[in-house]
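**Q** Structure provided below as structure tokens; questions to follow.
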Amino acid sequence: MATRATRAICRRLPRQTRTRRCFALPITRRPLFPGFYKTVVIKDPEVIRAIKDLAESRQPYVAAVLLKDEEADTDRIQSLDEIHQVGVFSQITNVYHTSPTGPGDDAPSLTAILYPHRRVRISGLVNDSDSPSTTAAATTAAPVSTTESDAVTKPATAPDAAVAADADKPETASEPTGSPQSYLRSKYNVSVVHAETLHDEPYKKGNQLVRAITAEIVNVFKDIASLNPLFREQISAFSVSQASTTIFDDPSKLADFAAAVSGGSDSEELQGVLESLVIEERLQKALYVLKKELVNAQLQSKISKEVESKIQKRQREYYLMEQLKGIKKELGMESDGKDKLLEKFKERIQYATLPATVATVIEEEMQKLGHLDPASSEFNVTRNYLDWLTCLPWGKYSQEVLDVEHAQQCLDEDHYGLKDVKERILEFIAVGKLKGTVEGKIMCLSGPPVVGKTSIGKSIARALGREFYRFSVGGLSDVAEIKGHRRTYVGAMPGKLVQALKKVQTENPLVLIDEIDKLGRGLQGDPASALLELLDPEQNSSFLDHYLDVPLDLSKVLFVCTANVLDTIPGPLLDRMEVIQLSGYVADEKVAIAEKYLAPQARIASDTKCSMQQQLDRAIEDLIRYYCRESGVRNLKKHIEKIYRKAAFKVVSAGANAEPLQITPANLKDYVGNPPFSGERLFEHPPAGVVMGLAWTAMGGSSLYIESVLEAPLTTESKPALTKTGQLGDVMKESSMLPVNGSRAEGAGQCASDRPETVPKSTHTESPPPPAPPDGPSAGITMATSLISLAANTPIPPHIAMTGELTLSGKVLKIGGLKEKTIAAKRSGITTILFPAANTADWAELPDFVKDGIEGRPVEWYSEVFDACFGEAVARGEFAKNAWPIVSAATATAVLADMPGTAAGSPPASIGGA
């Protein structure tokens, strides 16, 4: 009898009725049996929400029924014809969410553990009007799948004692008003059925047929347990659960257990056991499915013995071969060094995890080598081939360290600044920690020279605990360097990747491919095309080297590439890489790098006294300002090493009378010579027609001046002309005509109507050479401002620099490289930058130390540029106040004749934009 506590729980659970409304959950492949746990996976969102609702309302009960079609794809029942009429009333004991299982499976799912309590018969579906029906409007959803591995055949006691107590209560003839699950159809698009509880037919405990079949089932269990250890454990667990009674007292439980643990029977046979309410019939069907399981176990045992016999035969052959070798050695019959060579190859691969194809090739080549004459040329080719095959690290991996704090420490120790780059690398490692590995990504570090691209690759390898290998492909024009040579050629060798694996002796190193933007192309093929297979995570798992001629798994290798520019990298190759941009260093960063890294290294290399370090720190800022203005720190490193070499020479020359050296800004030129840069800017106060522009180059950001001048006086007979000089790329030469026409329109609108001569008629534009040609549209507003400044004879403020392309209508277009250009402006002492409004987001992402001391003003139309450059002059009435006068042609000819080197009647002038 149930205790008081059990009765109290029962009052909180739904009452047992003969026919009741119940939430239905269809399952596939095999039915559930009372008393044995089962795991199901639910993917329909509506069903998932309904199950959560049931759990919250303390009604976690479902009617689990088997679908007739094993390939059915539904969590809801459309018709009674889809399911078997007999199922089980089950309690949901536990649920937990599971993640998607594959590329095509992107919907969340719910895993539920069911404990079946009793058999039920489904008499009909409940439709929206709560009337029994044979059909229900339900949408087909994802399957509820159950597999043999999901079944937990340990027969545990019922999760809730109230359910067992509730089953013993007398049932009413109809469902009570307000069923606990009656609201489901109105709230969720799920299946609700009319379920009728089924009871076993009564039988006599002394029935001889029942006892005989029960005894036979026990004997079959013993036979299966002797063949299958898994069954032995399940039978032991079942015996423990039935310790209080004998199996003959509850044969129905034994029949259900036999059906639950049988994995070789089809769903129809198992459903037959579930539908049998007569004990004798259920036992016979359970014995049948158990006999089939015994046949499967015997077949498995036979196969296992055959495999074991083959292994013993090989072991016997190996033992005899070892004895034969020993006998030959004792008799002095051991052959030449060929056997030792084969023995060396076998020792190399003894503990290696070889792929099947590689093991087959090695075995065939070793047999071939054993029959070749050592004096033949084929012997040397085969020996070298085996040497490469056996020295590779098959199945050897270095232990990865996916620790974000450790990676942060390694990056900070090796590099100063580069905050955004470090954050991107730490994010990459954090994702790898969640996945368990960082494979499948190819990173490309792009930036000016000497900003730390190669050393960042070393730091990543040290942070991950991987081996590091670097090779450069700059100027590489032979595909064989990547894919290897054919073995038929004399002196053939594998490609660089195979050589890398041989050196590092691990299959998951970090390989740095340096200077990938400088790949060559010659008669030996296109190396960039060969890298497409190497740097594709979907293809490099079976990379085929021409020399090895066996698939090589490179999917565990982490590739890091470096480049100065991305324009020269082929599009398909660039598409396979994740680009991380590295910008140049500002002066403050250079000072910190010199003090923390470069100066201590140079001091140790020259063995100079430590006291000199403090003296050098005073001169580093001047060294950067007047000697080393490039984006990187290579030139700065050379100058610091030069200072320490000269200091070492002075110390040695002075001998015992050497005094402590003091390097100050005043005596800095005694160590590194005269400074190549005398000031921050070329023009401290630029004249009319001179405007500072900003450009992005492969060397980083650069500031350059656009200069415009009149070549001849303005006359009534002058014709508009434009002359372009300087190192302008093709794109800038074409785009220079846009600001000319735009400046004419802007100048005509801004100048007085009685001064049309302020619009330039004959001009000349020149651009002095920056460190690299700034080819690309980004100097449109600079050229237009230079022309307007020349036409109005009004200079712009000296603290303004600008970048942006201009359309004929005055629209300022977006540009690239804003960070590099801002760094260049800061090096030149600029305090105000005009940039396109479309780059506002790029400006917001710049670090604070880059924007410190600089005002960024986004402009969308050229009128805003005009206001920033000439607004104060217009307000003071000085704009175009001293515009160029128009003279007669005769006066202009006389003036030109008086000028040296100019002939009368020479053509008008040209415009120069620097």
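Backbone N, Cα and C define each Cβ position, glycine as well.
Quick caveat, the model's predicted, so the values are computed rather than measured.
Positions annotated as active site by TrEMBL: Ser778, Lys821. Per TrEMBL, the feature ATP binding site maps to Gly447, Pro448, Pro449, Val450, Val451, Gly452, Lys453, Thr454. The feature compositional bias 'Low complexity' is assigned by TrEMBL to 128-165. The compositional bias 'Polar residues' annotation in TrEMBL covers 174-184. According to TrEMBL, the compositional bias 'Pro residues' annotation covers 767-776. Annotated domain 'Lon N-terminal' per TrEMBL: 22-294, in sequence order. Taken from TrEMBL, the feature domain 'Lon proteolytic' applies to 685-872. Annotation source TrEMBL lists region 'Disordered' at 124-185, 738-780.
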**Q** With Cβ-Cβ distance below 8 Å and at least 6 positions apart along the chain, what are the contacts of Ser778 (active site)? List them in sequence order.
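**A** Listed in sequence order: Gly693, Leu694, Ala695, Trp696, Thr803, Gly804, Glu805, Ile815, Gly816, Gly817.
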**Q** Do you know offhand how many angstrom separate Gly452 (ATP binding site) and Lys821 (active site) by C-alpha?
**A** 19
**Q** Given the recorded ATP site (Gly447, Pro448, Pro449, Val450, Val451, Gly452, Lys453, Thr454), which additional residues of the same chain have their Cβ within 8 Å of the Cβ centre, ordered by sequence?
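**A** Checked against the 8 Å cutoff, the neighbours are Leu445, Thr562, Asn564, Leu582, Gly632.
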**Q** Please give me the CB contact count at 10 A for Lys453 (ATP binding site), counting all chains in the structure.
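**A** Step by step: centre on the Cβ of Lys453 (ATP binding site), count other Cβ atoms within 10 Å, giving 25.
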**Q** By Cβ count within 10 Å, point out the most packed of the binding-site residues listed: Val450, Val451.
**A** Val451
**Q** Sequence gap of 6 or more, C-beta under 8 Å: which same-chain residues meet both conditions with respect to Thr454 (ATP binding site)?
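**A** Correct list: Arg470, Leu512, Asp514, Thr562.
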**Q** Can you grab the distance from Pro448 (ATP binding site) over to Lys821 (active site)? Cα atoms, rounded to a whole Å.
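**A** It is 13 Å, counting Cα to Cα.
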**Q** Using Lys821 (active site) as the reference point, find which of the binding-site residues Gly447, Pro449, Val450, Val451, Lys453 has the shortest Cα-to-Cα distance to it.
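**A** Nearest in space to Lys821 (active site), counting only the binding-site residues, is Gly447.
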**Q** Across the domain 'Lon proteolytic' (685-872), what is the average pLDDT of the model, as a whole number?
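**A** Average per-residue pLDDT within the domain 'Lon proteolytic' (685-872): 75.
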**Q** Look at each of the binding-site residues, Gly447, Pro448, Pro449, Gly452, and point out the one with the fewest other Cβ atoms around it within 10 Å.
**A** Pro449
